[in-house]
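A.B. asks: According to TrEMBL, the protein carries these features:
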- 35-51: compositional bias 'Basic and acidic residues' (COMPBIAS)
- 1-66: region 'Disordered' (REGION)
- 123-143: transmembrane segment (TRANSMEM)
- 212-230: transmembrane segment (TRANSMEM)
- 257-278: transmembrane segment (TRANSMEM)
- 316-335: transmembrane segment (TRANSMEM)
- 342-367: transmembrane segment (TRANSMEM)
- 387-405: transmembrane segment (TRANSMEM)
- 417-438: transmembrane segment (TRANSMEM)
- 487-504: transmembrane segment (TRANSMEM)
- 531-551: transmembrane segment (TRANSMEM)
Amino acid sequence: MVGQTRSKLRGAASEPSHFLRSTQSRRRRRATGSGERELEKEPKEEVKRPELPLSTRRGNLTRGARKYSPRRIRNLKTQNCVPVEMVRRTDLLNDRFPFLSSLLEQLSDKAQLLQRRQVSGKGAFGIAAFVAILHWVHLITLFENDRHFSHLSALEREMTFRTEMGLYYSYFKTIVEAPSFLQGLWMIMNDRLTEYPLVINTVKRFHLYPEVILAFCYRTFVGIMNLFGLETKTCWNVTRIEPLNEVQSCEGLGDPACFYVGVIFILNGIMMGLFFMYGAYLSGTQLGGIITVLCYFFNHGEATRVMWTPPLRESFSYPFLVLQMYILTVILRTTNNSRRHFIALCLSNVAFMLPWQFAQFILFTQIASLFPMYVVGYIEPNKFQKIIHANMISVLLCFVFMFGNPMYLSSYYSSSLIITLVIQGSAWFFGTIILKFLTSKILGVSDHIRLSDLIAARILRYTDFDTLIYTCAPEFDFMETATPVRYSKTLLLPIVVVITYVIFKKAFRDILCVLCANTYLRKQLLEHGEIIFHTLQLFAFTPLAILIMRLKLFLTPHMCVMASLICSRRLFGWIFCRVRFMPVILSLVTVMSIQGYANLHNQWSIIGEFNNLPQEELIQWIKYNTRPDAVFAGAMPTMASVKLSTLHPIVNHPHYEDADLRARTKIVYSAYSRKSAKEVRDKLVELHVNYYILEEAWCVVRTKPGCSMLEIWDVEDPSNSANPPLCSVLLKDARPYFTTVFQNSMYRVLKVN
């Protein structure tokens, strides 16, 4: 509240990457006058199944290059555990521990009720809402603990959005700060700052519909609040320890950065509610949905990185894939589908594809799973055609919404949809590949890097400059060997292996029976195609995650959904007729919780604080010592920060898929090669570069063998391998082709002569 004083402490020191939030070195806030106020029993076979209404990312995923504080590890308190022997000793319990006996009976009754309940009614939606709120709170807690985001200044918050995150956020900032929404939209659709001097439509190039929608919502929200005289944020002065100066920090939805990350966390919180409904529907019991949620929380660090990197495209896109697969599961299970099912499938496809350039390859794996199911007979021809048509319409809609982006028509996904209608059998795969390459050549997008290209480079061990830039990044490396061990400790991997074995055995037996069965019996044997679909998707996601660690994003959550089938009577009813169901499930959950709680505790123990003094000094120098139209070049992550915080033109950026941009970046990165200074200077002049930002760390950093910039250039340019590194020469004396105009412990700004 304005005029009211409060104190929040925040750590700061002179070293940018070694901070602890301690009582000796924290920031103290005081209110400023300019501040604003912050505002089923299982259904029998002969009974018709009810349809579900449709109203309804360091052993973990890498967190990207960013500055954060050392972690203060909290002491793990010893927990008092009471082992419960699952043996019927009712007399002993009733005589000696009547309260414990009553409690166990109540827990067993509740669990049995959840196991028998189908997915319907207010109870299921209530549980979904609860787990959604729980996940939302979990995400914002981790994010705040890691960066102390609420106490950062506007500039510091922008600097936390490293690499492509800063690039995406800059367009949200442009629309928000424009005189009107339409003017801001026009500015990002006719952008000259990102690839100077080219004018590009950034909405088409970078899939910026999330930023456009969020900016519209932000302007509408602030406008309504201002109309009624309601304050939307509270601002404070934050006193930092020497040599850092005092800065202003604002909290509340009226602050653009807080609004931006807040909506992302809300969306991913809702996703957890979808996971509950999804797992419950697939397994047939609410208990299956709870198993899915627990597996996700217990393997949270392997399932997502949204709490570390909110603005990435997957943060907006993946929740809609969960919705899309849920709807597709309903379509596959339901006998008589209404038109609204396929409309919902089409719209969820669009929502999944629009924000993320890699989404089409994931949908291609779906078609590759559905096609053999159709060939075998798990999907009726009429239903399969409707699914294909819905997918085709979604591709065309995305093509229109993205201003005719040809990548939508030249992908494996769109090619597979067309081939599916004209080719049957094994020729489908080869036809898809041939059509993909033909359309790429015709539309002129064959030089664009896609996810499929990176996978092919992994399999064929093909390396060049462009693929090494990708594959040397930790998130594009192979899956860590420790990842299956972490899956096993929470029992996720053993449970999924058992479920997959049972499904495969049942499907193999059914298909053999179908070969000698009449039409009616064949239809009965090939029921439950949705379970086969999920198994095939598991087989698709597993090699993808092994080849590219970033794609654990798809594998881990899908394993959590598959784990819900441990409660399915369709698969394990023959076991539950011989042994008691609840003791088995409760025992599994108990063992899962041991490592699961430890994983959660490790996440909660991450206490850090963002600070990057060298980059802050660089940005401040650029703001006050260069012309507004001065053009900059440098490392891709730094260029995103320069554009976001200084609004200066840049010639390269982290969105590396485009062929022209890759050619520009290759020229810019030649400063880390063995070429001559004159050759590099002449190439930079052709790009109209005025200042080059040289980072000393890039001259020597080697993330793994073969991945230093010098090693990458030796692969690309072996003719100069005998020359000395240009970077070392420029650090000693940049003259006569460059002049050093600014330097600190990390950055050196060279003026191009």
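Every residue, even glycine, has its Cβ placed from backbone N, Cα and C.
On a predicted model such as this, the values are computed, not experimentally measured, just so you know.
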A.B. asks: Hey, which bits of the same chain come close to the transmembrane segment (316-335), Cβ under 8 Å, at least six residues off its ends?
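C.D. replies: Sequence-remote neighbours of the transmembrane segment (316-335) are 48-49, 51-52, 54, 210, 264, 267-268, 270-271, 274-275, 277-278, 281-282, 304, 341-342, 344-345, 348-349, 351-356, 359, 362, 366, 379, 383, 387, 528-530, 533-534, 537, 553-554, 557, 561.
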A.B. asks: Given a Cβ distance threshold of under 8 angstroms, which distant residues of the chain, six or more beyond its ends, lie next to the transmembrane segment (387-405)?
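C.D. replies: Sequence-remote neighbours of the transmembrane segment (387-405) are 201, 203-204, 207, 209, 328, 331, 342-343, 345-347, 349-350, 353-354, 363, 367, 370, 379, 413-414, 417, 420-421.
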A.B. asks: For the transmembrane segment (257-278) and the transmembrane segment (123-143), check the count of CB pairs under 8 Å (sequence separation 6 or more) and say whether it reaches 3 or more.
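C.D. replies: Between the transmembrane segment (257-278) and the transmembrane segment (123-143), contact is present.
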A.B. asks: How about long-range neighbours of the transmembrane segment (531-551): same chain, 6 or more residues beyond its ends, C-beta under 8 Å?
C.D. replies: 57, 61-62, 282, 325, 328-329, 332, 365-366, 368-370, 372-373, 378, 451, 454-455, 458-459, 474-480, 483, 496, 500, 503-504, 507, 558-559, 561-562, 565, 570-571
